[in-house]
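Pulled from Swiss-Prot, these are the features on record:
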ACT_SITE  117  active site, proton donor
BINDING   22, 23  phosphoenolpyruvate binding site
BINDING   93, 122, 123, 124, 125, 126, 308, 330  UDP-N-acetyl-alpha-D-glucosamine binding site
MOD_RES   117  2-(S-cysteinyl)pyruvic acid O-phosphothioketal
């Protein structure tokens, strides 16, 4: 198992290239199961979750070829079977995304209940209910979802009680081969969903209401789609994290290959804290703040402040003057990084879903342990400003969603080593 050894308080300067968005790539990879045509996907990030999804598709019988480290050519023309087994699914919650496409195209599938970050309840019930609304019969037996629709899926209204990104994606993919019209009400509005819509539209699916909370899908009257090649959008969470590298170290950094509109909630908050930003069409440059003010954040669904940036801003709050308040409204149990930040000297108090951070605090290097994907990046951020040396353990969490984060910060001047645990 690897860990990162980080020397803190090293001056940083330079430019960072942002990778493709993991959270866009995963549903798009799953959606290739709907196609009987070869598809090329570009700008895939080299992260563990993407490799796991590629392996799952290969296990189902898809033909895969990596044309370069970030481009995958694949064909799901003839699959061996429609069973997503536990050993392939257990490490990644996004594997539930194969449910909709497998069911829609092959009328029956067996999908293991998924794994992934342990950050509270992420019920698959919403996915199952959506499939049932389209006419599927669902049984859960021995840890597997057994879904079948012998006569195929039929368009219907799907109302999500709670906004669900992966639930919306699964419903979209299933509806694309359902007979007639499906309406998804209370749909998630993330940019990653807009890109999935564009991908499905390239295969002939008619979708109205993209970027809104109500999607109207007219399914294609065929047994499969003819999906076209696609390039994955930049990762807005990696972009936000790299801006926080500049913010927490109070450095001048330029973040390239981004879509600034996708991270407006993040840039608005950085400006409020005191950072001058130069926002261009596909880059943002952050400059040192004269004074970093405390702030308040409440996580919300897109376009609100993303829950996936909450941990990074908690690390940043330790360097801001005054009392910052972070309220987490989307997941319970998502403050596990707080106790690890406290090991570095952070002054944080927790009350249910609200964290209060008093700053500014001088952090001191220590051994800390990553508990989930975004928490791991928060610990890296804190270690960059801590006095002395920190070691961040269990970075397999980090590798699930960040492509070579240590290489990217080292290119800015940081001193980060990836080492093996003894």
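From the backbone N, Cα and C atoms, a Cβ is placed for every residue, glycine too.
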125, 308: which of these binding-site residues has the highest Cβ count within 10 Å of its own Cβ?
308
Could you state the whole-number distance in Å separating the C-alpha atoms of residue 330 (UDP-N-acetyl-alpha-D-glucosamine binding site) and residue 22 (phosphoenolpyruvate binding site)?
20
Between residue 23 (phosphoenolpyruvate binding site) and residue 126 (UDP-N-acetyl-alpha-D-glucosamine binding site), the C-alpha gap once rounded to whole angstrom:
18
DSSP secondary structure for residue 123 (UDP-N-acetyl-alpha-D-glucosamine binding site), reduced to helix/strand/coil, please.
coil
Could you measure between residue 125 (UDP-N-acetyl-alpha-D-glucosamine binding site) and residue 22 (phosphoenolpyruvate binding site) for me? Cα positions, answer in whole angstrom.
23
Please report how many Å separate the Cα atom of residue 22 (phosphoenolpyruvate binding site) from that of residue 124 (UDP-N-acetyl-alpha-D-glucosamine binding site), as a whole number.
20
Name the secondary structure element type, per DSSP in three states, that contains residue 330 (UDP-N-acetyl-alpha-D-glucosamine binding site).
coil
So which one is it: of the binding-site residues 22, 93, which has the fewest other Cβ atoms within 10 Å?
93
Can you check which residues sit near residue 124 (UDP-N-acetyl-alpha-D-glucosamine binding site), meaning Cβ under 8 Å from its Cβ, same chain, 6 or more apart in sequence, and list them in order?
96, 113, 114, 145
Please work out the number of neighbouring Cβ atoms within 10 Å of the Cβ of residue 123 (UDP-N-acetyl-alpha-D-glucosamine binding site), leaving out its own Cβ.
11
Mind giving me a neighbour count for residue 23 (phosphoenolpyruvate binding site)? Other Cβ atoms within 10 Å of its Cβ, every protein chain shown.
23
Which residues does residue 126 (UDP-N-acetyl-alpha-D-glucosamine binding site) neighbour through Cβ under 8 Å, counting only same-chain ones at least six apart?
160, 161, 162, 164, 167
According to DSSP, which kind of secondary structure is residue 23 (phosphoenolpyruvate binding site) found in, if we only use helix, strand and coil?
helix
